[in-house]
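Novice: If you scroll down you'll find the structure; I have some questions about it.
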């Protein structure tokens, strides 16, 4: 997966990295692509003539521009206001570089960055609460249906065609649709308007699923399924839009700054997953009325969307992110083969991660009942899931803490390895620890830690870093949609295996996709032509980064992206 820049000095080798030109100390950001040739083309306009040269394997490039004088002064194009003031004081360059239809002189006059809102850092309030809202609404479906099964009316309906599994499936089907459509709208009409639309759908879907589901058990589940589909479209759209908005609002082109902002936005994922169980515990301890409990649980999901709807209207956005021509934008999204290759590192890894993560997380009530037995009370099951999901909090924040140290690639790699090993370990000890419920719960907590420690963060970050701004939201949505496809497959697969084969085969099947994703991460995330020895040095050297006080970046010099 190519990083955001590389220099003209590396054009012949295709090696990617954020380095300076061999002819100059200046860096230039030139987003010019020729999708048909699957390469970058930089156009130079020396007076009346025109020169072009190709630069492969990169979305942006860096070239020196000479003023033609005796001193051989070079001029940065784009860049910060200070750099552009220096350009003005030296005089105009002899070559005019066209960037997205603008010459370097026009860019220098406007002082606008190629990306972002003119370098102004934006608040993380909307992305953070949007992520919280999305994960709350995805998770609350499972716990609400679990509570509904305590009532014979709904329990009998769950055994029909429109059972609880169908309601969950409709929620995730809506999410897949929302991720693709809202991600695309984020590029077409802008991140702000698309976010406003997604929040409106979340509010409507959550509210209607709470107040409109009345009647017999089957009718309630049918209405709830339709409403959760609408909510899923909105909640799914939150994923690409919140990640891209957080990254582009960094006020900086540095991938470290962007990745940290996206990771902090994603940190609301764990509270969003955990909060439905806390609300359910309070409600169930207050009243054992199933109707009251599940309706308040579902309706609460509308509140975060309502709270941030007005701040979303006030979000600032650069017009450069809005597609001017619908047809050209549509063609540009799907024409480049390099984008689809990058999906192996973003979308397919996300798919494999969600097979494991959602397969385990959303059947945790069933897993805990298989550990403790069906005699556990509703309160016990809720407490057990609060404890399990609570392990995600240190996992998530420890992952964020070492993100800069380890780098996105190796944090994802070791996250997948840790998740696979912990799942296999739990599978191997099920028979040994039979009857020792708390020992099995500890192992399940370790699995939950690795679910949130590595790949959970990086799969959310990567699409917002590696794709160019014109298609960033679209491909972030496609990557997230692939993840939700994996989630749907994981839910059905893990639940079926758990009910037929037990916990041991289920945990084995949960570990295999993580192992496959670790292999894909090695080869398709930031691929750099290193020797095998160098790659292993980077890989195992990055383990030192798991300690926040040790700088392991010197071990990863051959892997320059996302540092």
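Backbone N, Cα and C define each Cβ position, glycine as well.
Heads up, here are the entries from Swiss-Prot:
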TOPO_DOM  1-127  topological domain 'Extracellular'
REGION    1-51  region 'Disordered'
REGION    67-96  region 'Disordered'
TRANSMEM  128-148  transmembrane segment
TOPO_DOM  149-168  topological domain 'Cytoplasmic'
TRANSMEM  169-189  transmembrane segment
TRANSMEM  193-213  transmembrane segment
TOPO_DOM  214-217  topological domain 'Cytoplasmic'
TRANSMEM  218-238  transmembrane segment
TOPO_DOM  239-263  topological domain 'Extracellular'
TRANSMEM  264-284  transmembrane segment
TOPO_DOM  285-291  topological domain 'Cytoplasmic'
TRANSMEM  292-312  transmembrane segment
TOPO_DOM  313-342  topological domain 'Extracellular'
TRANSMEM  343-363  transmembrane segment
TOPO_DOM  364-380  topological domain 'Cytoplasmic'
TRANSMEM  381-401  transmembrane segment
TOPO_DOM  402-412  topological domain 'Extracellular'
TRANSMEM  413-433  transmembrane segment
TOPO_DOM  434-440  topological domain 'Cytoplasmic'
TRANSMEM  441-461  transmembrane segment
TOPO_DOM  462-477  topological domain 'Extracellular'
TRANSMEM  478-498  transmembrane segment
TOPO_DOM  499-504  topological domain 'Cytoplasmic'
TRANSMEM  505-525  transmembrane segment
TOPO_DOM  526-563  topological domain 'Extracellular'
Novice: Run the contact check on the transmembrane segment (169-189) against the transmembrane segment (343-363): 3 or more C-beta pairs under 8 Å, excluding pairs closer than 6 in sequence.
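Specialist: Contact between the transmembrane segment (169-189) and the transmembrane segment (343-363): absent.
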Novice: Return the stretch with the most CB pairs under 8 A relative to the transmembrane segment (441-461), choosing among 193-213, 218-238, 264-284, 478-498.
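Specialist: The stretch with the most contacts is 264-284.
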Novice: Looking only at the recorded stretches 128-148, 343-363, 381-401, 478-498, 505-525, which one has the largest tally of CB-CB distances under 8 Å to the transmembrane segment (193-213)?
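Specialist: Comparing 128-148, 343-363, 381-401, 478-498, 505-525 against the transmembrane segment (193-213), the winner is 128-148.
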Novice: Rank 218-238, 381-401, 413-433, 478-498, 505-525 by Cβ pairs under 8 Å to the transmembrane segment (128-148) and hand me the top one.
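Specialist: Answer, by Cβ pair count: 218-238.
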Novice: Take a look at 218-238, 264-284, 381-401, 413-433, 478-498 and tell me which one has the most Cβ pairs under 8 Å to the transmembrane segment (505-525).
Specialist: 413-433
